There are 2 protein chains.
Amino acid sequence: MRIALLGFGTVGRGVDRIVSERALGVEVARILELPDRLSDPRMTSNFDDILADPSIELVVECMGGLEPACSYIMAALESGRHVVTSNKAVVAANLERFAAASRASGAGLYIEAAVGGGVPWIASVEKVRRIDDVTSFSGIMNGTTNYIVDAMRRQGAEFADVLARAQELGYAERDPSADIDGIDVLNKTIISASVAFGVACERSLPASGIRNLTKADLDALAEKGLTVKLLGRGVRSDDRYAAAVEPVAVSEDSLEASVPSNFNLLTLDATTVGELKFYGQGAGSLPTGNAIVQDVLDCASGARCPVYDLTAPLSYDPSLLRADYVFRTTASLGDSEPFAEGTCLVRDLTAEAARALLSDALEHDPTTFMAALA
Amino acid sequence: MRIALLGFGTVGRGVDRIVSERALGVEVARILELPDRLSDPRMTSNFDDILADPSIELVVECMGGLEPACSYIMAALESGRHVVTSNKAVVAANLERFAAASRASGAGLYIEAAVGGGVPWIASVEKVRRIDDVTSFSGIMNGTTNYIVDAMRRQGAEFADVLARAQELGYAERDPSADIDGIDVLNKTIISASVAFGVACERSLPASGIRNLTKADLDALAEKGLTVKLLGRGVRSDDRYAAAVEPVAVSEDSLEASVPSNFNLLTLDATTVGELKFYGQGAGSLPTGNAIVQDVLDCASGARCPVYDLTAPLSYDPSLLRADYVFRTTASLGDSEPFAEGTCLVRDLTAEAARALLSDALEHDPTTFMAALA
């Protein structure tokens with residue numbers, strides 16, 4: 001099968017390397033690159049060259065960002081080309097449109113690499129759904145924030161110092177906002193909920209991050225046998241579903257607490273198979289490249305041709321996600337009780353109400369930190 | 001697709017329930033049962049009735065044991081019927097023969113449910129191997145022993161008391177030897193090594209269990225930040241491989257240490273995707289039934305038709321698996337040094353040499369316990 005890569009950054013180079021070294025019956029025939037970087041005879045800076053080549057059966061989009069990725073994906077699907085993408089932002093924003101274009105042309109839409117990098121999450125959720133209803137999912141879906149929290153906890157270091165080291169190691173971007181404010185996890189949660197529940201997931205989900213987490217917060221929670229992980233979560237009950245992104249105070253005995261460095265751990269619960277967890281590298285050139293090449297091989301072998309149906313009659317109901325919340329703030333929270341050193345507990349809030357309370361508290365105390373109790 | 005069940009115990013009933021409740025385009029048309037239990041019009045006690053029915057395309061073997069399971073599987077494969085089995089003992093003993101029969105007739109051989117119950121392990125290993133070499137695997141593959149060790153650790157209870165409770169709950173057999181002496185894990189390790197490395201795995205691997213584990217052993221290791229898990233492990237290096245089953249003293253920070261109750265956790269390491277872990281229910285009517293039905297659906301949809309090639313030019317070399325070993329024994333061990341309270345450490349043994357040393361020590365002190373240091 002002849003394929004084209006759109007983008008030749010970390011992920012694109014991983015795909016090219018795996019395909020060439022492992023001799024898989026796949027050929028990277030064309031590569032879309034910027035005009036000043038055309039260093040390989042397969043490269044072009046004009047997407048129309050790729051679209052006009054009838055020998056290209058599949059397009060791998062690994063450019064990132066919303067545009068022109070979105071337009072290129074739509075054009076490829078409309079032309080009957082299968083699309084494999086690692087771009088969570090564009091998939092979270094456009095899955096419904098992509099799914100409609102894929103259904104219309106019969107081209108497959110493969111998004112394994114958009115969530116969990118090398119972790120076989122999306123294909124596993126699809127496979128589980130052949131038999132079961134997925135009743136809930138949750139996950140450590142962002143390696144950068146897991147690296148930060150894990151290093152803070154193991155080394156007793158402060159957030160800013162660990163973030164700086166993560167940036168040196170290439171685990172965090174120069175502008176880390178998308179990671180530390182939960183935006184990256186929000187995109188992955190929207191995609192996971194869409195695939196797990198079969199709905200066009202609500203996009204304005206409650207989301208908060210770990211920007212304000214301190215060593216003192218971790219120490220205080222440790223005295224209760226707890227630590228913090230940034231989780232994306234979704235739940236379904238009968239004809240309703242909800243989802244959210246927030247720091248969660250999990251038991252130090254849990255598998256989540258043990259996830260080291262920049263690894264991911266994704267969990268689902270389903271009718272007959274029960275609880276399943278999937279762990280691996282959530283990012284990186286070769287793991288993410290591997291996930292893309294697995295999608296390409298699924299397509300080439302005919303093993304899997306995902307055509308997403310997002311029309312399950314489910315309504316978004318934020319009241320399904322409730323928990324007790326730990327706050328560390330000098331702002332007044334109303335009805336709260338003392339919890340671990342320096343923190344207090346507000347009982348039985350929806351994730352949405354907790355996010356609103358956090359926003360209020362941040363206006364009075366911009367260092368406020370909040371986590372749900374698992 | 002019309003299928004037949006051989007055996008209607010816990011697993012067979014789970015398969016029948018999932019197939020009938022979830023309307024999957026599959027029909028359980030015939031069931032092989034003992035002559036005094038023919039309570040359903042689909043049942044027969046004569047396997048030839050099933051073999052003679054040309055409408056049966058696939059046979060699910062969930063009888064357990066070596067015979068007549070082995071003969072029935074061979075006859076089904078030779079007649080061109082696809083076979084799905086959850087029977088680790090018969091697969092570990094006969095995978096090479098089954099694979100040859102499957103290749104000869106073109107019938108698929110599906111063994112997902114034989115290792116890890118509902119955990120999607122075998123199909124994941126196969127999928128990883130489309131691209132990568134698997135360089136090692138390890139796993140908590142036996143729910144009974146994980147339940148026992150977890151309960152001993154969390155409740156500070158002794159082995160015999162927890163075993164009795166596990167037997168009451170149905171997590172352990174009346175005769176628990178196959179579980180607590182590592183025989184069940186040995187079968188699953190042989191199957192995993194065969195699939196992961198593509199060899200007809202050596203069957204006389206070093207194997208020991210947790211029969212002699214005491215609360216005092218766990219307490220002593222806990223002071224070093226360690227706990228015990230019974231692991232099956234395999235490793236490959238160039239043209240050699242090794243595998244073994246033994247208790248391993250793992251860090252309390254590890255994911256393995258956090259695996260609760262009767263859950264399983266299986267790990268592989270591979271060239272480009274790196275480390276992957278898979279967690280779930282390793283036994284039970286519905287999880288194991290789910291794994292079987294997933295295999296049936298893979299077969300019915302044409303998504304996967306495993307035909308195992310076990311001819312990789314690898315030689316078994318036990319020197320590949322080396323570790324330091326913790327012993328608690330009154331027997332003399334030669335060159336050893338004090339370790340945790342009541343235990344000593346013997347450095348740098350192969351798993352095979354450690355197993356031999358354990359056998360010697362057991363002759364002098366039948367309560368001897370041994371674990372590899374992770």
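Glycine residues also receive a Cβ, built from the backbone N, Cα and C atoms like all the rest.
Curation does not apply to TrEMBL; its annotations are automatic.
In this model, the domain 'Aspartate/homoserine dehydrogenase NAD-binding' (A:7-112) carries an average pLDDT of 97. According to TrEMBL, the feature domain 'Aspartate/homoserine dehydrogenase NAD-binding' maps to A:7-112.
Summarising the annotation, TrEMBL assigns NADP(+) binding site to A:Gly7, A:Phe8, A:Gly9, A:Thr10, A:Val11, A:Gly12. In the shown protein chains, 29 other C-beta atoms lie within 10 A of the C-beta of A:Val11 (NADP(+) binding site).
The NADPH binding site annotation in TrEMBL covers A:Lys88. In this structure, A:Lys88 (NADPH binding site) is part of a helix by DSSP. Packing around A:Lys88 (NADPH binding site) is summarised by its Cβ count: 25 other Cβ atoms lie within 10 angstroms of its Cβ, all protein chains included.
Marked as domain 'Homoserine dehydrogenase catalytic' by TrEMBL: A:120-297.
Sequence-distant neighbours of A:Glu173 (L-homoserine binding site) (same chain, 6+ apart, CB under 8 A from its CB) are A:Thr144, A:Gln167, A:Asp179. Sequence annotations record features per position, and here TrEMBL assigns L-homoserine binding site to A:Glu173.
What TrEMBL records for A:Lys188 is active site, proton donor. The Cβ neighbour count for A:Lys188 (active site, proton donor), using a 10 Å radius and every protein chain shown, is 26.
Other than A:Gly7, A:Phe8, A:Gly9, A:Thr10, A:Val11, A:Gly12, the residues of this chain whose Cβ falls within 8 Å of the Cβ centroid of the NADP(+) site are, in sequence order, A:Leu5, A:Arg13, A:Gly14, A:Val15, A:Cys62, A:Met63. Under the three-state DSSP scheme, A:Thr10 (NADP(+) binding site) falls in the helix class. Distance from the CA of A:Lys88 (NADPH binding site) to the CA of A:Gly7 (NADP(+) binding site) is 15 Å. Counting Cβ atoms from all protein chains shown, A:Gly9 (NADP(+) binding site) has 13 others lying within 10 Å of its own Cβ. Counting every protein chain shown, 22 other Cβ atoms lie within 10 Å of the Cβ of A:Phe8 (NADP(+) binding site). Within the same chain, residues at least 6 positions away in sequence whose Cβ sits under 8 Å from that of A:Gly12 (NADP(+) binding site) are A:Leu5, A:Leu6, A:Ile31, A:Val60, A:Cys62.
Highest Cβ count within 10 Å among the binding-site residues A:Gly7, A:Thr10: A:Gly7.
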